[in-house]
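Colleague: Per Swiss-Prot, the feature transmembrane segment maps to 33-53, 77-98, 113-133, 178-198, 226-246, 288-308, 320-340, 347-367. Under the heading heme b b562 binding site, Swiss-Prot lists HIS83, HIS182, citing similarity to another entry as support. Per Swiss-Prot, the feature heme b b566 binding site maps to HIS97, HIS196. Sequence annotations record features per position, and here Swiss-Prot assigns ubiquinone binding site to HIS201 based on similarity to another entry.
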Amino acid sequence: MANIRKTHPLAKIINNSFIDLPTPPNISAWWNFGSLLGICLILQILTGLFLAMHYTSDTTTAFSSVTHICRDVNYGWIIRYMHANGASMFFICLYMHMGRGLYYGSYTFTETWNVGIILLFTIMATAFMGYVLPWGQMSFWGATVITNLLSAVPYVGNDLVQWIWGGFSVDKATLTRFFALHFILPFVALALAAVHLLFLHETGSNNPSGIPSDSDKIPFHPYYTIKDILGALLLILTLMLLVLFSPDLLGDPDNYIPANPLSTPPHIKPEWYFLFAYAILRSIPNKLGGVLALILSILILAIIPLLHTSSQRGMMFRPISQCLFWLLVADLLTLTWIGGQPVEHPYIIIGQLASILYFMILLVLMPITSIIENHILKW
């Protein structure tokens, strides 16, 4: 009798994706983040589902319902904090995963890379709308400021903003639609993740050397399943340490004040994982220019495959490019810091310089460096 794992229509798909999948023998821990992202997504959907059972998307009761979850629902506090900090873990894994793709040239799998960018936008939209739901001060004002950016769109801007708000300000209609979209988008992300994997398994995984490994592959199970389980345990350990010891470490204290349209917080800022983009937005003293820079800071990833000028795939054997990559990481950390600071000297100029450097590294310095390295190799 044939092995059911290899013959059953459904089991066959799982087998070819997670068990008998031919995998390069030399992929490092940087390749763990894909599976960790899958775990994060499932964890967020499960905790979110239980939160949605008790949450009410009405401006008068939203804040109270979150308080009720934390105080009265059995283990509601841990579900709420796992969901909030799970989002932070999600973005940490996401940025690591993208960094790995940039460093090792995984963007040359253009279909996989482009689906990944769409996934990133989906998850960013989901996280933004989730931040609005507790209906605290930062929720309300964050929603007001970020949705208001759409008014910079020529001709239709104001109509677009009012259409998204469902009125003339962020109110009950906005909260209700944000809850509906926040609930549905993770399932869209789940479907996109399946497409992401589908495209990846068409080409097979990249590896640190960037050299094709078709002649030397090992099965995914047991070698990488055990490695992924170790990664998952470390992820859950980190998450639970965060949840149980300092659940509000990454949150904003202002969100414990109920939303008040008559009182503006001294410093409106999004969650920490959006601060780099927020800093780029603020670094341009023009509304439309800032919005364009904000969108381009993410969309720039789509043209990375076109800017690949190196004769080698990854950066493993390209020390000058490695220096530039880590400069980019440092620049993004600087932007994240600036995004959380008030708009005053010297933060304004630091933010502007860091924003210029971000685009310079990706659009100019990296392609030129790759060409120089190609010539050095021929000496």
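Glycine is treated like the rest: Cβ placed from N, Cα and C.
Structural setting of the listed features?
Modeller: Non-local neighbours of the transmembrane segment (33-53) in the same chain are 69, 79-80, 82-83, 86-87, 89-90, 93-94, 96-97, 100, 130, 182-183, 186-187, 189-190, 193, 228, 231-232, 235; each lies 6+ residues outside the stretch with a CB under 8 Å from one of its CB atoms.
Within its own chain, the transmembrane segment (77-98) is flanked in space by residues 30, 33-34, 36-37, 40-41, 43-44, 47-48, 50-51, 66, 69-71, 116, 120, 123, 127, 130, 235, 238-239, 242-244, 247, 250-251, 271-273, 301, which lie at least six positions past its ends and keep a Cβ under 8 Å from the stretch.
Its Cβ taken as reference, HIS182 (heme b b562 binding site) is surrounded by 21 other Cβ atoms within 10 Å in the chains shown.
Remark: HIS97 (heme b b566 binding site) has PHE33, GLY34, LEU37 as non-local neighbours, by Cβ distance under 8 Å and separation of at least 6 in sequence. According to DSSP, HIS97 (heme b b566 binding site) is assigned to a helical segment.
Within the same chain, residues at least 6 positions away in sequence whose Cβ sits under 8 Å from that of HIS201 (ubiquinone binding site) are ASN16, SER17, LEU21. Secondary structure at HIS201 (ubiquinone binding site), taken from DSSP and collapsed to helix, strand or coil, is helix.
Among residues of the same chain six or more beyond the transmembrane segment (226-246), those with a C-beta under 8 A of the stretch's C-beta atoms are 29, 32-33, 35-36, 39-40, 78, 81-82, 85-86, 88-89, 93.
Sequence-distant contacts of the transmembrane segment (288-308), counting only residues of its own chain at least 6 positions beyond either end whose CB sits under 8 Å from a CB of the stretch, comprise 98, 102, 105, 107-108, 110, 113-114, 117, 120-121, 124, 149-150, 152-154, 276-278, 280-282, 355, 358-359, 362-363, 366-367, 370.
For the transmembrane segment (320-340), same-chain residues at least 6 beyond its ends with a Cβ under 8 Å from one of its own Cβ atoms are 99, 102-103, 269-270, 272, 274-280, 282, 310, 347, 350-351, 354-355, 357-358, 361-362, 365-366, 369-370, 372-373.
Sequence-distant neighbours of the transmembrane segment (347-367) (same chain, 6+ residues past either end, Cβ-Cβ under 8 Å): 279-280, 282-284, 293, 296-297, 300, 304, 307-309, 321, 324, 327-328, 331-332, 334-335, 338-339, 341.
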Colleague: Whole-number Å distance between the CA of HIS196 (heme b b566 binding site) and the CA of HIS182 (heme b b562 binding site)?
Modeller: 21
Colleague: My understanding is the cutoff is Cβ-Cβ under 8 Å with a sequence separation of 6 or more in the same chain; which residues meet that for HIS83 (heme b b562 binding site)?
Modeller: GLN44, THR47, GLY48, LEU51
